[in-house]
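In what follows, a single structure is set out as structure tokens and then discussed.
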Amino acid sequence: MAFLEDGNHTAVTEFVLFGLTDDPVLRVILFIIFLCIYLVNVSGNLSTILLIRVSSQLHHPMYFFLSHLASVDVGYSSTVTPKMLANFLLERSTISYLGCTIQLFSGAFVGTLECFLLATMAYDRFIAICNPLLYSTKMSTQVCIQLLVGSYIGGFLNASSFLLSFFPLLFCGPNRVNHYSCDLTPLIELSCSGSNVPIVPASFCSAFVIIVTVSVIAISYTYILITILKMRSTEGRQKAFSTCTSHLTAVTLYYGTVTFIYVMPKSSYSTDQNKVVSVFYTVVIPMLNPIIYSLRNNEIKGALKRQLARKIFS
């Protein structure tokens, strides 16, 4: 049942998701494409986690955070992709109010966690390159755990702000969401609350997270660049660049799409463009991250070669 009478209002108990397209042929094609992307994402990120766990040479803070980033990428994609794949095969794509709440919270939680982890990894690179003699002290196991716990707490608090924005919304009629998942912006557009006040907590917290994490990343890489330019050894420069370029590529891809969604004025792009960009950072980027880190990082490539050689000759 999609509606429930409540006094003078008709409460919505489920939502209908528009998805990406109504074309039945295109839906089958997209199902195959996104299924392949999801399988590559899960296998690639789980392989990254396993490689870091079994390779003693990767037991460093940078790869400790990278393994958690890989876990987040699997979780990020899994909040959206399975439901999206099912919807491609259904004539009418629905999600319950509770399911929508869970998807909204989960997406905000892992998305925020990714921001904090990327910022933490930038700080780790800053300490490693700019203060190498203090690295073992400033990035001790205890400090790494504290940074990780802080990231999870930050993710939980920001996701909670999304619920504070979502729960006051009244849905008294239409229940068709112009999106492939439960995203806050189209839900607010669908609401009959008639006020922009509910979106304030989520907007404020999201802006705070983006400003803080981008500032940490920008300041860290400014000092890193200055330090690298002062290096006299060409080999030292190349090693420093090799450990930073993969992370910087991941940061650029992720924050580029997040900025498009949350910073650019809504009037500058359509809802369909919003959906395409959202697919990129929730589905495509999590698949690309393990590829970026394996292709651009010499330590990852070296560890992978050693593990493969060990398997072949064992």
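The backbone N, Cα and C atoms fix where each Cβ goes, glycine too.
Database features (Swiss-Prot):
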TOPO_DOM  1-28  topological domain 'Extracellular'
CARBOHYD  N8  N-linked glycosylation site
TRANSMEM  29-49  transmembrane segment
TOPO_DOM  50-57  topological domain 'Cytoplasmic'
TRANSMEM  58-78  transmembrane segment
TOPO_DOM  79-102  topological domain 'Extracellular'
DISULFID  C100-C192  disulfide bond
TRANSMEM  103-123  transmembrane segment
TOPO_DOM  124-136  topological domain 'Cytoplasmic'
TRANSMEM  137-157  transmembrane segment
TOPO_DOM  158-199  topological domain 'Extracellular'
TRANSMEM  200-220  transmembrane segment
TOPO_DOM  221-240  topological domain 'Cytoplasmic'
TRANSMEM  241-261  transmembrane segment
TOPO_DOM  262-274  topological domain 'Extracellular'
TRANSMEM  275-295  transmembrane segment
TOPO_DOM  296-314  topological domain 'Cytoplasmic'
| field | Residue among the disulfide-bonded residues C100, C192 whose Cβ has the most other Cβ atoms within 10 Å | value | C100
| In the same chain, which residue numbers or ranges, 6 or more beyond the ends of the transmembrane segment (103-123), come under 8 angstroms Cβ to Cβ? | 62, 65-66, 68-69, 72-73, 75-76, 79-80, 83, 95, 147-148, 150-152, 154-156, 158-163, 166, 181-184, 187, 202, 206, 209-210, 212-214, 216-217, 220-221, 247, 250-251, 254-255, 258, 282
| Of the stretches 29-49, 58-78, 200-220, 275-295, which racks up the most C-beta pairs under 8 Å with the transmembrane segment (241-261)? | 275-295
| task | Run through the topological domain 'Extracellular' (158-199) and tell me, per DSSP, how many residues are helix, strand and coil. | result | 19 helix, 2 strand, 21 coil
| Helix, strand, coil residue numbers for the topological domain 'Extracellular' (79-102) per DSSP? | 14 helix, 3 strand, 7 coil
| Helix, strand and coil counts within the topological domain 'Cytoplasmic' (296-314) (DSSP) | 17 helix, 0 strand, 2 coil
| Who are the long-range neighbours of the transmembrane segment (200-220) in its own chain, taking Cβ under 8 Å and residues 6 or more past its ends? | 108, 112, 115-116, 118-119, 122-123, 125-126, 154, 157-158, 161-162, 164-165, 184, 251, 255, 258-259, 262-263
| request: Restricting to the topological domain 'Extracellular' (262-274), report the mean pLDDT as a whole number. | output: 64
| request: Report the DSSP secondary-structure composition of the topological domain 'Cytoplasmic' (124-136) as helix, strand and coil residue counts. | output: 12 helix, 0 strand, 1 coil
| request: Would you mind listing the long-range same-chain contacts of the topological domain 'Cytoplasmic' (124-136), meaning Cβ under 8 Å and 6+ residues beyond its ends? | output: 61-62, 65, 219-221, 223-224, 227-228, 240, 243-244, 247
| remark: Residues in the topological domain 'Cytoplasmic' (221-240) per DSSP class, helix first, strand next, coil last, are 17 helix, 0 strand, 3 coil
| message | With Cβ-Cβ distances below 8 Å as the criterion, list the same-chain residues six or more beyond the ends of the topological domain 'Cytoplasmic' (296-314) that contact it, or say none. | response | 48, 51, 54-55, 57-58, 63, 239, 242-243, 245-246, 249
